[in-house]
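Enquirer: Would you mind keeping the following structure in view while I ask a few things?
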Amino acid sequence: MGAQIIDGKAIAAGIRDTIQTAVTERRSNNQSIPGLAVVLVGDNSASAVYVRMKRRDCEQVGFAAQDHDLPTSTTQDELTALVDELNADPAIHGILVQLPLPDHIDAQAIIERIDPAKDVDGFHPQNVGRLVLRLPGLRSCTPHGVMTLLEHTDTDLVGAHAVVIGQSNIVGRPMALELLNARCTVTVCHSRTRDLQDQVAQADVLVAAVGRTAFIPGDWIKPGATVIDVGINRQEDGRLVGDVEADGAMQRAGWMTPVPGGVGPLTRATLLENTLEATRQLDG
Ligand SMILES: NC(=O)C1=CN([C@@H]2O[C@H](COP(=O)(O)OP(=O)(O)OC[C@H]3O[C@@H](n4cnc5c(N)ncnc54)[C@H](OP(=O)(O)O)[C@@H]3O)[C@@H](O)[C@H]2O)C=CC1
Ligand SMILES: Nc1nc(=O)c2c([nH]1)NC[C@@H]1CN(c3ccc(C(=O)N[C@@H](CCC(=O)O)C(=O)O)cc3)C=[N+]21
Ligand SMILES: [Mg+2]
């Protein structure tokens, strides 16, 4: 017995193919080409890697990527002015400001400055509020991507007990809402949760988004559970591992995402989906 692997890399490749076809069709119909502005401030090396991957994805599907690489010394006013310019640019349909931003920048103010119609990260309070209210809107890429991964399993979400570990604005909270909207019974755990093991043992669906290597021992997993490991932890030898102790969890889970090759590729593919959706909403 062993878990079936949820192949995020392959699922993401399929999504990119579908998007590429849609872009080709838009081109032949003389419709606008989706334009994504990718804004990177400073020299965080992990951010630089992610941004490079996002730009490569755009190129592959035929989107127009507009790169803005700004120095660490960029001021709040300068970044605000760039967001205003991108909001007003009809060739731009999506705006991604890579996080984290340098400490002297008020990131929340920047997020709130982005036109919600171009907020392909789904971080603007208007889009988060629409998710809360089950109204259509741009949905955060990582949790939305996890829902796509779950569709590629035989997990029955209705009435299932879903346990989310982590309550960040970009992963844990919107993840819990996505699962609630799919009619799971949802528990959210965080650093003050008592008896984490007892909560994990109840999970038909477990989503770990903590950011600590092998934080969840494999033998905590409920037999047959679907395990989604969002964590990305770089080891000293350069390898990436998740938040769940993979070898042990693979013995017990029914389905499981690998790290790398699980959630990460879906986050990027969902960014492309959101940008195409924003384009259709803005331009038809
Ligand atoms: N695959 C992908 O596409 C993405 C992966 N990531 C990865 O996911 C992970 C989480 O990211 P992010 O949400 O931004 O991280 P944050 O650091 O913002 O949030 C971590 C969460 O884990 C909780 N936590 C910390 N310690 C414990 C503990 N001992 N027990 C239970 N909960 C705990 C924190 O609780 P509290 O709130 O109480 O402090 C917090 O809610 C990281 O590894 C990140 O790299 C992130 C985004 C996308
Ligand atoms: N405005 C903003 N939006 C984000 O969506 C955002 C962000 N800021 N800041 C950082 C986090 C992190 N994140 C990831 C995206 C892809 C992978 C990914 O593709 N991972 C690959 C491998 C990565 C590698 O090889 O380094 C994988 O897991 O297989 C990981 C992490 C998006 N984030
Ligand atoms: Mg979808």
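Numbers here mean position along the shown chain, with the first residue as 1.
Quick reminder: no glycine exception, Cβ is built from N, Cα and C everywhere.
In case it helps, TrEMBL gives these features for our protein:
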- GLY166, GLN167, SER168, ILE232: NADP(+) binding site (BINDING)
- 6-121: domain 'Tetrahydrofolate dehydrogenase/cyclohydrolase catalytic' (DOMAIN)
- 140-281: domain 'Tetrahydrofolate dehydrogenase/cyclohydrolase NAD(P)-binding' (DOMAIN)
Enquirer: Specify the count of other C-beta atoms within 10 Å of the C-beta of GLN167 (NADP(+) binding site).
Expert: 17
Enquirer: What same-chain residues, at least 6 away in sequence, bring their CB to under 8 Å of the CB of SER168 (NADP(+) binding site)?
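Expert: Listed in sequence order: ALA209.
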Enquirer: Based on the record's binding annotation for NADP(+) (GLY166, GLN167, SER168, ILE232), what whole-number value in Å is the widest Cα to Cα distance?
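Expert: Largest pairwise Cα separation, rounded: 16 Å.
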Enquirer: Taking the Cβ of GLY166 (NADP(+) binding site) as centre, how many other Cβ atoms lie within 10 Å?
Expert: 22
Enquirer: Have a look around ILE232 (NADP(+) binding site) and count the other CB atoms within 10 A of its CB, chains all included.
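Expert: A 10 Å sphere around the Cβ of ILE232 (NADP(+) binding site) contains 19 other Cβ atoms.
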Enquirer: DSSP helix, strand and coil counts for the domain 'Tetrahydrofolate dehydrogenase/cyclohydrolase NAD(P)-binding' (140-281)?
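Expert: The breakdown for the domain 'Tetrahydrofolate dehydrogenase/cyclohydrolase NAD(P)-binding' (140-281) reads 56 helix, 26 strand, 60 coil.
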Enquirer: Between 0 and 100, where does the mean pLDDT of the domain 'Tetrahydrofolate dehydrogenase/cyclohydrolase catalytic' (6-121) sit?
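Expert: Mean pLDDT across the domain 'Tetrahydrofolate dehydrogenase/cyclohydrolase catalytic' (6-121) comes out at 98.
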Enquirer: Using DSSP, how many residues of the domain 'Tetrahydrofolate dehydrogenase/cyclohydrolase catalytic' (6-121) fall into helix, strand and coil, respectively?
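Expert: Secondary-structure breakdown of the domain 'Tetrahydrofolate dehydrogenase/cyclohydrolase catalytic' (6-121): 61 helix, 18 strand, 37 coil.
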